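Lifted from TrEMBL, the feature list:
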- 20-42: transmembrane segment (TRANSMEM)
- 97-130: transmembrane segment (TRANSMEM)
- 142-163: transmembrane segment (TRANSMEM)
- 169-187: transmembrane segment (TRANSMEM)
- 226-266: region 'Disordered' (REGION)
- 235-245: compositional bias 'Low complexity' (COMPBIAS)
Amino acid sequence: MSSEIMDAYWQAPPLARTVATAAFITSLSVFMGIVSGYWFYFAPDLLFKIPPQIWRLGTNFLITGPKLSLLFDPYLLYTYLSALEVGNSRFSRREDLIWYLMFVCTVITALCTYVMGGGCFLPALIIALCRTVTQDQRGVKSNFYFITIPAQLSPFCIMLMSLLDPSGAGYYTFIIQLQGFIAAHLYDFLSRVWPEFSGGRNLIPTPAFLSRLVQTPRFNQRGYGTAVRGGGGASAQTSGSSTGVSRGGGVLPDSWRTRGPGQRLG
């Protein structure tokens, strides 16, 4: 049983799996008192200390809420991030999704710092992911707790539930979530709405250096098939068949195919 669980874990989308696991383990360590939460929340003045605590730009997105949120927040994070990683044509390359996360997290950090002064912004990231996943799902139904709603209403329902939180922290969470919704809307406007409806170009394209850093492999194994990535030029053209084998490539390495006809020995 344990081996089956681990197999299922390693077959999950790698980016979603890694981020959700990091959020769960980090939050569990903080709530159990193993590590201090002081080292994870974001505060702008701490970025300008010597040495600057730049890790807070990322770690503040790894702290969930207490109690049941310790389970629900990583679950929602994994659900929406995996939907973008394997099922969304806008993020066919891994670097596109990484650039999306970098953009929305930067906007969320800027907005939340201006409005709230600092803190932990994972609720905003979850809303941003939910907004991006569901914005094109017109006519699709989604289950929210025990009711069925249009998928596009999911982020609004999550924010409404935050307002109804009896603990008193709901309004604070709602304000943070609202910044995530704004960040996702801004990304969609700059990358898709503006180019499509104004005849302009994508104002926030994925940087070329990020593509070089990620070094996306030519063959990407996914749950729904194998994605073949071209390497540019005529040599990168594929046959378009379901096998994904390049034209003229065969099974021999390039170094073998560039040799001459050879000569018989003896």
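For all residues, glycine too, the Cβ spot is worked out from N, Cα and C.
When Cβ-Cβ distances below 8 Å are used as the criterion, the transmembrane segment (20-42) is approached by residues 56-57, 59-64, 66, 70, 73-75, 77-78, 81, 109, 112-113, 118-122 of the same chain, each at least six residues removed from its ends.
With a cut-off of 8 Å between Cβ atoms, the residues of this chain six or more beyond the transmembrane segment (169-187) that come close are 65, 100, 103-105, 107-108, 111-112, 115-116, 119, 121, 123-129, 131-132, 135, 155, 158-159, 162-163, 204.
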